[in-house]
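J.: One structure, as C-alpha cells, below. Some questions next.
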Amino acid sequence: MGQAVTTPLSLTLDHWKDVERTAHNLSVEVRKRRWVTFCSAEWPTFNVGWPRDGTFNPDIITQVKIKVFSPGPHGHPDQVPYIVTWEAIAVDPPPWVRPFVHPKPPLSLPPSAPSLPPEPPLSTPPQSSLYPALTSPLNTKPRPQVLPDSGGPLIDLLTEDPPPYRDPGPPSPDGNGDSGEVAPTEGAPDPSPMVSRLRGRKEPPVADSTTSQAFPLRLGGNGQYQYWPFSSSDLYNWKNNNPSFSEDPAKLTALIESVLLTHQPTWDDCQQLLGTLLTGEEKQRVLLEARKAVRGEDGRPTQLPNDINDAFPLERPDWDYNTQRGRNHLVHYRQLLLAGLQNAGRSPTNLAKVKGITQGPNESPSAFLERLKEAYRRYTPYDPEDPGQETNVAMSFIWQSAPDIGRKLERLEDLKSKTLGDLVREAEKIFNKRETPEEREERIRRETEEKEERRRAEDVQREKERDRRRHREMSKLLATVVSGQRQDRQGGERRRPQLDHDQCAYCKEKGHWARDCPKKPRGPRGPRPQASLLTLDDQGGQGQEPPPEPRITLRVGGQPVTFLVDTGAQHSVLTQNPGPLSDKSAWVQGATGGKRYRWTTDRRVHLATGKVTHSFLHVPDCPYPLLGRDLLTKLKAQIHFEGSGAQVVGPMGQPLQVLTLNIEDEYRLHETSKGPDVPLGSTWLSDFPQAWAETGGMGLAVRQAPLIIPLKATSTPVSIKQYPMSQEARLGIKPHIQRLLDQGILVPCQSPWNTPLLPVKKPGTNDYRPVQDLREVNKRVEDIHPTVPNPYNLLSGLPPSHQWYTVLDLKDAFFCLRLHPTSQSLFAFEWRDPEMGISGQLTWTRLPQGFKNSPTLFDEALHRDLADFRIQHPDLILLQYVDDLLLAATSELDCQQGTRALLQTLGDLGYRASAKKAQICQKQVKYLGYLLKEGQRWLTEARKETVMGQPTPKTPRQLREFLGTAGFCRLWIPGFAEMAAPLYPLTKTGTLFEWGPDQQKAYQEIKQALLTAPALGLPDLTKPFELFVDEKQGYAKGVLTQKLGPWRRPVAYLSKKLDPVAAGWPPCLRMVAAIAVLTKDAGKLTMGQPLVILAPHAVEALVKQPPDRWLSNARMTHYQALLLDTDRVQFGPIVALNPATLLPLPEEGLQHDCLDILAEAHGTRPDLTDQPLPDADHTWYTDGSSFLQEGQRKAGAAVTTETEVVWAKALPAGTSAQRAELIALTQALKMAEGKKLNVYTDSRYAFATAHIHGEIYRRRGLLTSEGKEIKNKDEILALLKALFLPKRLSIIHCPGHQKGNRAEARGNRMADQAAREVATRETPETSTLLIENSAPYTHEHFHYTVTDIKDLTKLGATYDDAKKCWVYQGKPVMPDQFTFELLDFLHQLTHLSFSKTKALLERNYCPYYMLNRDRTLKDITETCQACAQVNASKSAVKQGTRVRGHRPGTHWEIDFTEVKPGLYGYKYLLVFIDTFSGWVEAFPTKKETAKVVTKKLLEEIFPRFGMPQVLGTDNGPAFVSKVSQTVADLLGVDWKLHCAYRPQSSGQVERMNRTIKETLTKLTLATGSRDWVLLLPLALYRARNTPGPHGLTPYEILYGAPPPLVNFPDPDMAKVTHNPSLQAHLQALYLVQHEVWRPLAAAYQEQLDRPVVPHPFRVGDTVWVRRHQTKNLEPRWKGPYTVLLTTPTALKVDGIAAWIHAAHVKAADTRIEPPSESTWRVQRSQNPLKIRLTRGTS
C-alpha cells in the first residue's frame, strides 16, 4: 500500500486548531476555506517560487509578504492575516512543524585560514515545496556564539556572505571572553582605526562581545571622515546575544541607541542594522512610527509627504557625511529612528501576562515586586513608578503574592492607607517568619508522634472495654449454667432428645426444619423479599448481616440514596451534593458541637400519600443520610418493631414508595411499559421495511409537489442575529445538524432572511435538540385556514362496533414534504462549524418544525395520499390527527389485513412510522391521551396520576397549570364548571392570590372526581342522542347519553357557567339559557345527529312564547334558532334528575308551569304597579333633558305638577338623557317619603329599570353580558333604594311630547320645559379654575415682604386698613410669593407659553392685582424643565465661514448620494468637489463602502490632482470606517469629519449633489433614457462650466481658459507638438493660472480672517441638546449638559463623545449674561491626551 505524502498545506489543515490559536495570538482571524484558496491559487501567481502545496521556507514567505503588503492597488490587504499567521508558524514552529522546517544556515563560508574542522552538515531535505514524510532535525537548540572580530580584508556585506568564524570555546568564568584568549595588557597604546580593522586573529577580542570597536563613521587624521562598515561578527553578536524586538523591545532599543550614539552609522548602516536585528514586519512598524515623529516648522508632527521624505527618506539619500549639512541630516535621521523604535516598542496591553506573574515558593517579596514592575513596563503602557498606578500595583502585589502572605496582607487594618512600601515591609516580615524546612519537618514529626500516641491509647482503652464486656458476658453465662444445674438437681435430668439432620425441632417430624414448620403459629418463613426501589434493610456487605436498623432507599436526582430512619432527627438530611442550595441555613447541634448548614432548594417528592414539596438539610459530615420527622410526618409512616427488626410502612400498612425526581420527568412514572404481548417482531419489520423509520430511513412524500410558501403583500425580509449559545449547547445540537446535513434536509445558503436557533435541553438528559424561532417569519407569511381535526370530537367518527385497533405515529412527519427552492430561503439560520468548514447560513429543504402552517399543510397532504386507501377499505375506520393514525376494525383478522395494507401504502407513499411507538392489532390502545377499550374511552391512569400528584398551587401560574390539566378531563367530571368556580377568579391578572377553605375544597373535589371518573362510550352516529340538563345557581350541567339496550350510557359530561345577564333571570329562564349553552357544546360530539333534550322544566313553551320583559330581541332570536330546529333538536318529557348523576330519578318530581311562575315573578317592590292610585297624595311628572348648545352638552332634571315646578336642577355638562331621567325619578321618590305617590315618566329606560331591569341588574351584580360594569350604576342603586321610601307607589309610563289638553300631556310638557330651562339658565355646581369661586386665600392670608412693600410703593399702591391689604387699581394686591404659587400651579396644569398664559389671564377677570406678574410668569415659563425638553427653539446661530483650499487639489469635500432607479446595479454616486475651484468629480458605484472611497481616492484623485491635504466628509459609515481613516493616516491626509445632522457643514458638496441630480432629471426627461450613468458626463460638463460666486467657472480656474466648444482633430497636430509657440502657450497658461489663483486664495483667506463669534455659548454653560430621532412621547431635547470646549461653530459637552453644532443646542436658561471679565486658560498636563482648564480674572 502506498503512503500519503504530507505537505505543509495538509499539515496545517490537520492541525487547524493550532493555526487558529496562532492567529488569535496575533489578533487576527483566519478561515480554513480562504487559507486553502490563498495557498493553492493566489500566492503561486506572485512568481516568487511559492508552491501550490505551501512551504515553510522563510525567504519565500518574506517575498510573498512583501507582495501582500505592497501599498496602493497592487497590495492584498485581505491576505495579510493569512501570510502573517503562516510566517509566525514558520518562524516559531510548533512541535508538529519543527520536523519540516529548515535549520538556519551557519553564518560562515569555507575558511580562509586554518580553523576548527567544520561541523558535519545536517541531513536536511532540499529546499522544495514537497517535504519527505518524516525527517526531524536535532531538538537541541544551539547556544548563540560570540564571534571575534574579523581579521581578513573588508567585504561587501550587501553582496557577499560573511566570512567564516571559528567556533569559540566555552566562556570564561567571568564571562569576559573565551577561555583561551587573554585580555590586552594595561598601558598598551590604542590601535589606529585601520589597525583595529586589519588586526590579526591572534589578538584577543574585546571584553564586551556586543560592542564593536570599528565605528562606521569617524574623524581621520587629516580632518576627513572615514567610513568603516559594520563587521559581520558585530552584527552576529548583537543579534544572537540579545532578545528579539518582540520579546524585549526596551533592551534591544537600548542596544541600538548605544550603537547609534557611539558608531555614528550612515543611512545604509542603519538599514543594515535594522535588517539584521528586526524582522521585516518589525522594521516596517519602526519606519512607520519614525515617519510619524517628523515635525514641521511649527514643532508639531507634520503629515506633509515632502517634509517627511526630506527628514526620513525610505530610499538612499545623497547625504555627504563630509559636509555639515549631511551630518546634520544623519543626526536627525538617527533621532527619528530612535523615536520610531521607542514608539514601535510599546506593546499592546496584555494584563493577562501581568496576572500570570506570581510569587515563587522561596522568592522574597522584594524580588517578586521587581518582577511584577518589570511585567507592568513590558506588557502595559503604565509606569509602575507613577504614583497614580501605585494602587493597581499594590493590589496586584497582594493578590499575586504567595497564598500565606496574600491572606495576611488582605487582613491588614486600614489597608487603603498602606503604601506599596508598607506592604513590602509587611510581606518581608511574614516571609522572614516562615518556618524553615527543618522546622517544618520537626513539626510534622512531632504531630505524627502525638497522633501515634493517641492511637495507641485508644487501642488500649478499646481492649480494656472489650475485656470488660467479655467478663460481663461470661458472668451471665456462668450464672445461667449454675441455675440450670440447680434445676437439674431439683427436677432431675431433663435432656433434649437427639435430632436427626432433617428433623424439625418443633413438631419432631422429618422432612423440614423448625423455621419452615407449617405448624408454627406464624407459619413457615417465606423467602426474603428483594428491595429494588425501596428496601428496609441495607444491602449488607462481605458475608455479614447488616444491623437491624430501619432504612429506606429513595431515588434522589436519578441516584438511589439509602436513608436511615431517625425519629430523633427533626429534619431530613442529605450528605452528598444534591444540586443547587438555597440561601436559607439552620444551626445543627450534635454530640460533638454545633454548626450551621444550608438547605437544598425545594424538591418535589412523590410519596404514598401524594406528591409534596420538601427541602432537605445538607450536612456533608453526617455519617448517614437521615429520614427525619418532617418527611415521616408527610409520609404518615408507621414504624413497627418486630423480632426481625423495625419495619416502616405507610398509613394503610403498605410498603412505602418514595421517589424524588424532576417535574418534567414525572409523566414517565405513570406510563406503563410496552407489554411484550404484542411486540413488533421481525415479521412486521421485515415484511414492510420501507414503512418503518428504523429500517427505511428518512421519509419523502413522493406524490407531493414541493411546497411554495406565499408571503404577505407588504412583507420584507427579516434578519435576526443568532443568540449567544453556550459551548455545551452548541456541542449538543451539533450531531443533529450534522445528521440533517448528511441527509440533505439542511443545505448551505445565502439568504436575506435569518432567524435564530434555540438549543432546548431534553429533560433528564444532557442531549439538546435544535429549535428554530420562526415567530417573525410566521408574521410575514400568509395565513391559511387551519383544517387540522379537533381532538375534542375526532373520536365521534369511531363507532363502538370497531373494537380492534392499530395506532401508528409517523416519524419526522414534516420532513417528508419538500420545500420549493424559492421558499427555502425563508427559513435560513446561522451555523458555524470550523471543523467541517461551515461558516454561514443553513436552510431547510423540507417543511420545518415551528412554522405556523406546517401542521395544516402536512395534514392536508397526508389526507390526499390516504384517500385511495379509504376508498379501497370501506369497512375500516381510519382516523388521522396530523401524524397520529388510528385504524379500527370489527375483527382481529380485518385489523391485521388492514394494518398490512396501511403499512404497505405508507411505505409506497414515502412516509415512515415509528416502530417503538406502534400499537398493532390490540383491543386496548392509547390514542390522543385517551384509553380506547371495548368501544369506550377512558382516562389513562397516567393522566389521572399527573393531576392527583400535583401539589397545592401557590401561585396563579401553578393554578392555571392545574386547571389546564384537569380541564382536559372535564368530559369525565359531572359539574366541573361549578366545582372549579372558586378557583378561576385567582387566575386573573392583578388579583391577589389568597388560597382559602373554599379553594381547597374545590381543589380536593376535582381530584376526588377524577378518581371516580367513569368510562364514556364512544359516540355512535347511527343512534340518537339524549341530553339531560340541569341548572343551579347560574351553572349549567348536563350529561350526553345514548341508549345501550335498556340502559343509557354516558358519552360526555358537560358543564358551563352562564353569563352574568342570564344568571340574573328567574330559574325557568336560566334553564332555557343552560339548555342553549349545553346544546351548542353537545353539537361538537353529535355531529348534527338528532338530539332529545330532557330537563325538569317545560322550556319548549318558554322558547316559543318568550317573555319580552326578560329577554332582548337578539337573545330571543338566538335561542329560538338554536332550540326550535325540529329536524335536529326535540324536547322530551319533563323529568326529575338525580343531582349526582344528572340522570332521571325513578319517581316523578313535582310538576310546575313555567309560564305561571314567570307571570308571578315580581320586581324589587311587590306592591309596585303601573296603574294610577285613586287616593294618591301627590301626582308628579318627571323628565330629564340633555341637548347640545354652542358645542356643549347641557342637561337638567325636573319634578313638576301640571302647573308648577316642584324641583328643578341643572346637571353637570355631558350628562346623558338616561341618567337625567333616573335622577329626576329618584328625586321624586325621595320627596314623597311616607306618602302615596303617582309619578309619570316618558322614559322607557327609567320605567323598565324601576319595574323589571333594576332587580335583574341587582341579581347579576350590575354587570353586562361581557362581565363589565353597567352604565349609571350609582343612579340605578339609588333608584332601587328610593323605591321603598313612599308608602304606596305607582310609576306610570306616558308618551313624551304629547299634544292635547289631557292632564298627562300638560304635566309632561311642564316637566320637559322646566328641565330645559333650568339646564340653560343655571350653571351646574362643578369645580372650575375661576379665582372668584375657588380662591385659595383671603385678604387675611396675605403677608407682604420688605421687597413687596418697596415694589408697591414704586407702583403707587395704598394700604387699606379695613381690608388689611395693599390696594392698587381698586383691587387687593397679591404678594409676590402668592403670585408665584398661583402662576406656577396654573403653568403646571397647562404648560402654555408666556404670551398665551398672559393673554389668558388678561381675558378673564381676576379680583386681585398680581404683583410682578409678568416677571414671575416669564421666570416660570423659562425655567420649566418639561417645556425646555419639549418646546421647539429658533436657532439664532449665524452662518459660519467655510474653510477652502489655497490651491486646486489640496482640499476636497466628499459625499455619497443615492440615485434612483439604480440601473445595472449602480445606485450611488460618489461626489468629490474641490473647495478652491469648485471642480467636481463624480463616480457611479454599486455600494456605499469605505473600500469604494479609498479606491477612487487612490486611483482617480491622486494620479490626476496629487495627494490632497484635507478631506471633509460627514459622519457616514464609509467615512468613519477604520479603513478610510487608516489610509488617510498612512497618506498624511487630514480627514475632517463634520458635525452630525448638520448638512450645512458639507454645504458645497451637498449643493453639488442637488445640482447633479436636478441636471440628470432634466436630461432623462429630455432624452427619454433612464440610464443616468450614460448621461452623467453631460451633467458633469455643465457643473464644471457654470460660473461660481466670483464669476469664474471651475474649468477656467483650473485651466486658465474657457473650454473649446468645438474641437476637430488636425491630422498635422503631430508636426507642431514641439513648436516653440506651444511652449509659450504653456508658459502663458502658468502665468494666467497664478494670476487667477492668487486673488481667489486671498479672497478665501479674507473670509477666514473676519472676526465672527457665531454663538454665545462659553465653557461652563449649561445647554440642552436636540434629539434628532425622537420616539413616541419622547422629549425633543435631552440634557442639560455642561459645555467643556467650544469652536466658532460647535461645542463639546460632558457626556456626549461627538462634537455638536451650535445650531443643535439651546441654553438651559435663555437669559445668557454677557461675557464677564474672567478668562479661561489652557494648561498642559503630564498626559498628552488631557488639558487643564482654569478660570480667572483678566
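Using the three backbone atoms N, Cα and C, a Cβ is placed for every residue, glycine included.
Since we're looking at a predicted model, the values are computed, not measured.
Copying in the features that Swiss-Prot gives for the protein in this structure:
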BINDING   Asp809, Asp883, Asp884  Mg(2+) 1 binding site
DOMAIN    741-932  domain 'Reverse transcriptase'
REGION    110-218  region 'Disordered'
REGION    345-393  region 'Interaction with host PIAS4'
REGION    430-435  region 'Interaction with host UBE2I'
REGION    434-499  region 'Disordered'
REGION    513-553  region 'Disordered'
ZN_FING   502-519  zinc finger
ZN_FING   1387-1427  zinc finger
J.: Can you give me the residues near the recorded Mg(2+) 1 site, meaning same chain, not Asp809, Asp883, Asp884 themselves, Cβ no more than 8 Å from the center of the site's Cβ atoms?
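T.: Checked against the 8 Å cutoff, the neighbours are Leu808, Leu810, Ala813, Tyr881, Val882, Leu885, Lys917.
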J.: Please report the three-state DSSP label of Asp883 (Mg(2+) 1 binding site).
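T.: Assignment for Asp883 (Mg(2+) 1 binding site) reads coil.
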J.: Which numbers of helix, strand and coil residues does DSSP report for the region 'Interaction with host UBE2I' (430-435)?
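T.: DSSP composition of the region 'Interaction with host UBE2I' (430-435): 3 helix, 0 strand, 3 coil.
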J.: Rank the binding-site residues Asp883, Asp884 by how many other Cβ atoms lie within 10 Å of each Cβ and give me the one with the fewest.
T.: Asp884
J.: Within the region 'Interaction with host PIAS4' (345-393), count helix residues (DSSP H, G, I), strand residues (E, B) and coil residues, in that order.
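T.: So the region 'Interaction with host PIAS4' (345-393) is made up of 27 helix, 0 strand, 22 coil.
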J.: Could you list the residues of the same chain, at least six apart in sequence, whose Cβ is under 8 A from the Cβ of Asp809 (Mg(2+) 1 binding site)?
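T.: The list for Asp809 (Mg(2+) 1 binding site) reads Asp883, Asp884, Leu885, Ala913, Ser914, Lys917, Ala918, given in order along the sequence.
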J.: Taking helix as H, G and I and strand as E and B in DSSP, count the residues of the zinc finger (1387-1427) in helix, strand and coil.
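T.: Tallied per class, the zinc finger (1387-1427) gives 27 helix, 2 strand, 12 coil.
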J.: Within the zinc finger (1387-1427) only, compute the mean pLDDT.
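T.: That stretch averages a pLDDT of 81.
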